[in-house]
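K.L.:
Questions regarding the structure given below will be posed in turn.
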Amino acid sequence: QFLQTLIHLLKGNIGTGLLGLPLAVRNAGLVLGPLSLFAMGIIAVHCMNLLVICSHHLSVKLNKPFLDYGDAVQYGMENVSWLRRHSIWGRRIVNVFLIITQLGFCCVYFVFLSDNIKQVVEASNGTTMNCHNNQTAVTVPSFDSRLYMLCFLPAVIILVFTRNLKYLAPLSLVANLAMCTSLVLIYFFCFTNIPNRISLPKVGHAKDYPLFFGTAIFAFEGIGVVLPLENKMQKPQSFNMVLYLGMGIVTFLYISLGTIGYITFGEAIGGSITLNLPNCWMYQIVKLLYCFGIYITFALQFYVPAEILIPPVVSRVSERWTLPVDLLIRAVLVIFTCVLAILIPQLDLVISLVGSISSSFLALIFPPLLQILTYHNEGLSPWVIVKNTLISVIGFIGFITGTYISITEIIKRNGRHDNLDPCFVFLTCSIVH
């Protein structure tokens with residue numbers, strides 16, 4: 001049970017965000033980047049712990065067996081007299097950010113799949129058995145990456161039509177093994193190709209730091225799975241050990257891969273470190289293995305918004321239309337994420353934007369505020385209030401600056417290539433407002 005929960009916690013935090021951290025370290029600097037990741041890891045784990053503590057306290061107080069994230073915020077708001085009438089909005093706001101986060105992950109997956117498969121296809125004619133050269137060979141241009149996204153669309157829709165996740169369990173196990181194998185080989189390549197001279201900036205440009213923040217907080221993506229995992233444990237009192245051990249491993253992986261990846265590839269590092277791997281069969285297979293893992297993980301990430309959005313709609317139709325409506329909503333949501341990915345096909349900026357907008361609230365802003373609400377009338381010390389307020393303010397500043405810089409960079413890059421879609425302008429303006 002302990003080991004199973006630990007594996008699920010690791011799986012919930014290790015995805016495409018990990019592969020984007022070398023670029024994040026480049027944006028922050030070789031020294032400031034790892035130090036910031038360490039600090040962010042401590043704060044993220046602290047916020048996860050706060051969420052568990054508040055959920056326990058409220059469930060005992062209300063005599064309920066289990067509270068999810070939305071329940072905890074709703075009942076926490078009921079503790080404050082002037083918020084009580086609006087407490088239902090606590091649950092709704094959390095659900096909105098969970099939907100944004102999970103669908104944002106799905107957008108990132110479309111971009112990740114298209115970029116990596118495109119690179120494998122374009123380099124297929126020049127792929128060799130020699131893996132000692134860390135420069136990818138000259139590629140043969142193929143289709144635009146957005147066309148690859150459209151090619152993946154039918155396969156992804158078929159995948160999410162699997163409404164019961166237990167049928168995906170065997171594939172999920174294979175996907176986990178594939179991603180683990182890929183990570184081991186990525187580490188192996190980086191450690192065996194460290195340059196003799198390292199002359200990288202120790203501190204990056206201030207204007208790039210918000211991009212670091214967005215990518216880093218995106219990587220700490222597992223706060224949504226904390227309460228469900230804790231609830232499923234036979235001995236929930238041992239969950240703290242799982243949390244600290246699991247997130248300790250996660251933080252170590254983030255700092256080590258982010259640092260060693262940046263040292264290995266320097267300023268040429270891509271939005272995903274897989275895009276920098278050499279053009280030999282072993283590392284092309286690494287990309288394909290990770291792509292398979294991400295493809296299967298799409299269904300797991302999609303499950304959360306589907307469970308929030310579909311039941312209220314399905315309950316309003318007759319029984320004969322239940323299945324068609326369910327499948328239609330799933331297809332529409334997948335098409336929606338694909339369209340967003342097509343509008344913003346830059347992997348690094350999509351990761352930073354999703355992290356800045358939604359992960360900031362779920363991982364940094366809500367948990368400290370929830371503790372203040374939960375223990376509102378129970379003698380919370382002024383130091384705790386100051387500390388929690390500071391964490392939430394840091395999260396909010398990261399949200400504002402990260403979102404602004406990400407959108408600015410997206411508009412700049414699309415404008416530079418003269419392919420800025422009017423729909424995209426409308427979308428980004430809507431996000432800002």
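Glycine residues also receive a Cβ, built from the backbone N, Cα and C atoms like all the rest.
Heads up, TrEMBL stuff is auto-annotated, nobody curated it.
As annotated in TrEMBL:
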| type | residues | note |
| --- | --- | --- |
| DOMAIN | 2-407 | domain 'Amino acid transporter transmembrane' |
| TRANSMEM | 31-54 | transmembrane segment |
| TRANSMEM | 93-112 | transmembrane segment |
| TRANSMEM | 145-161 | transmembrane segment |
| TRANSMEM | 168-189 | transmembrane segment |
| TRANSMEM | 209-229 | transmembrane segment |
| TRANSMEM | 241-265 | transmembrane segment |
| TRANSMEM | 285-306 | transmembrane segment |
| TRANSMEM | 327-344 | transmembrane segment |
| TRANSMEM | 350-373 | transmembrane segment |
| TRANSMEM | 385-407 | transmembrane segment |
K.L.:
Are there at least 3 C-beta pairs under 8 angstroms linking the transmembrane segment (31-54) and the transmembrane segment (93-112), leaving out pairs fewer than 6 apart in sequence?
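P.N.:
Answer no, regions not in contact.
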K.L.:
Does the structure show the transmembrane segment (285-306) and the transmembrane segment (350-373) touching, where I'm treating 3 or more Cβ pairs under 8 angstroms (sequence separation 6 or more) as a contact?
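P.N.:
As far as Cβ distances go (cut-off 8 Å, pairs 6 or more apart), the transmembrane segment (285-306) and the transmembrane segment (350-373) do not touch.
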K.L.:
Can you tell me which of 31-54, 209-229, 241-265, 350-373, 385-407 gets the most C-beta pairs within less than 8 Å of the transmembrane segment (327-344)?
P.N.:
350-373
K.L.:
Counting only pairs at least 6 apart in sequence, do the transmembrane segment (241-265) and the transmembrane segment (31-54) share 3+ Cβ pairs under 8 Å?
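P.N.:
With 3 or more qualifying Cβ pairs, these stretches touch.
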K.L.:
Same-chain Cβ contacts of the transmembrane segment (350-373) under 8 Å, 6 or more residues past its ends?
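P.N.:
Tertiary neighbours of the transmembrane segment (350-373) are 16-17, 20, 43-44, 47-48, 50-51, 53-54, 69, 72-73, 76-77, 79-80, 83, 94, 97-98, 100-101, 104-105, 107-108, 111, 210-211, 213-221, 223-224, 271, 341, 344, 380, 384-385, 387-389, 391-392, 394-396, 398-399, 401-403, 405-407, 410, 431.
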